[in-house]
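Student: The structure is given below, and queries will be raised subsequently.
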Amino acid sequence: MATLLHDAVMNPAEVVKQRMQMYNSPHHSARRCIRAVWRTEGVGAFYRSYTTQLTMNIPFQAIHFITYEFLQEQVNPHRGYNPQSHILAGGLAGAIAAAATTPLDVCKTLLNTQENMALSLANVSGHLSGMANAFRTVYQLSGISGYFKGVQARVIYQMPSTAISWSVYEFFKYFLTKHQMENRTLY
């Protein structure tokens, strides 16, 4: 449920971010980008990749959590507070999840950006919609390797993000649990 709500809110922001990041983007501010997309493509443009986003984030989170738990069992079997193990397991879990879901991210980016050059090379007139169409278009343009464009950047982005998230989570879990235990022993 959290992923459904998160993606419903963040998908439009992702559309704006990616359109502004495109080479030769005509958008010079987020507000102008929102207005232009709304005016020319309608509200649906902000959610064109929503199902792809969900299809990416659900396996990403599953792989991420399962891998983190597995790695914690390997490097920290007693599950004590160990910042190094949390950073290592969190970073590796994020890297593996990011690499595994890169094909979905590539397709989501194509749906969000509607990149003109790619669409014209694939003989797509109008707007590309749907995950299946995005997968076909990526394959048509670049073959299997097209699904992994940007995998290194995605892994490099996710590793510190997930390492920091897990280490902060584990710190507060340790701190709050320790604080509760100390309060119990006082009474």
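Every residue, even glycine, has its Cβ placed from backbone N, Cα and C.
In TrEMBL, annotation is done automatically, which means it is predicted and not curated.
Per TrEMBL, the feature repeat 'Solcar' maps to 1-74, 81-175.
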Student: Do you know the mean pLDDT across the repeat 'Solcar' (81-175)?
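Tutor: The answer is 93, the mean pLDDT of the model over that range.
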Student: Go ahead and report the DSSP secondary structure tallies for the repeat 'Solcar' (81-175): helix first, then strand, then coil.
Tutor: 78 helix, 0 strand, 17 coil
Student: Do you know the DSSP helix, strand and coil residue counts for the repeat 'Solcar' (1-74)?
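Tutor: Grouping H, G, I as helix and E, B as strand yields 62 helix, 0 strand, 12 coil.
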